[in-house]
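Enquirer: I am attaching a structure below and will ask some questions about it afterwards.
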Amino acid sequence: MPQQIELRNIALQAAQPLVHGVSLTLQRGRVLALVGGSGSGKSLTCAATLGILPAGVRQTAGEILADGKAVYPCALRGIKIATIMQNPRSAFNPLHTMHTHARETCLALGKPADDATLTAAIEAVGLENAARVLKLYPFEMSGGMLQRMMIAMAVLCESPFIIADEPTTDLDVVAQARILDLLESIMQKQAPGMLLVTHDMGVVARLADDVAVMSQGKIVEQGDVETLFNAPKHTVTRSLVSAHLALYGMELAS
């Protein structure tokens, strides 16, 4: 399995250019946070990595490399990169139980799909009474439960990399904290490389090792989390850090 995934000069276009020459490097055991405002191109960059661009959007330049070798995005999905999506309710088939979702995921990747394996993954993400959870349909579960189930399926993939696209969006504060605890636990126990897409600098401060700031389809600043918080250079970065510090009655040094 690869130790590094590199996005090199990715450019995306629809009726007009959307993402301009984005380069990022994911490394096993490290969390790279991709931050920026809505519409900055974060989720499109993730979609390009997985080869699941929306209709009408095409990649016009760039490549993806695994340990220095060019690869097709479709060869990464599931096997090398697991995904935790922004809106879990739209990610599950409403006609299938959690057991069907989990089992199909395992079978598609050639992983064990026995009930003991599924139960262990569900228990690992803190969902109680795994036997009951496996019988539930998506509409019978809360947003927090569905997000935990999506993380359980990422665990089942046993992929060396994870893309987590706004994993705490639309969750209440308690559910957000539990999801962050889970992601932190996964990093400690399995040490995957993680691309964490978020607009919440509090999440960045807690989980990230490195940060890339995106604005208008471009990476405007990139560095380790400590440097970025203490000495942000770009206007967008300074605005993000300043807004975060203001929540705690603090100001960014000029």
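Don't overthink the numbers, they just go from 1 along the chain as shown.
Quick reminder: no glycine exception, Cβ is built from N, Cα and C everywhere.
Since we're looking at a predicted model, the values are computed, not measured.
Summarising the annotation, Swiss-Prot assigns ATP binding site to Gly36, Gly37, Ser38, Gly39, Ser40, Gly41, Lys42, Ser43. The feature domain 'ABC transporter' is assigned by Swiss-Prot to 2-241.
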Enquirer: Using an 8 Å cut-off from the Cβ centroid of Gly36, Gly37, Ser38, Gly39, Ser40, Gly41, Lys42, Ser43, can you name the remaining same-chain residues around the ATP site, in sequence order?
Expert: His199, Met214, Ser215
Enquirer: Would you mind ranking the binding-site residues Gly36, Gly39, Gly41 by how many other Cβ atoms sit within 10 Å of each Cβ and giving me the lowest?
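Expert: Across Gly36, Gly39, Gly41, these binding-site residues, the one with fewest Cβ atoms within 10 Å is Gly39.
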Enquirer: Report, as a single number, how many Cβ atoms besides its own are within 10 Å of the Cβ of Gly37 (ATP binding site).
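Expert: Summing over all protein chains shown, Gly37 (ATP binding site) has 14 other Cβ atoms within 10 Å.
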Enquirer: Have a look at the binding-site residues (Ser38, Ser40, Ser43) and report the one with the fewest Cβ neighbours inside 10 Å.
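Expert: Comparing Cβ neighbours within 10 Å for the binding-site residues Ser38, Ser40, Ser43, Ser38 has the fewest.
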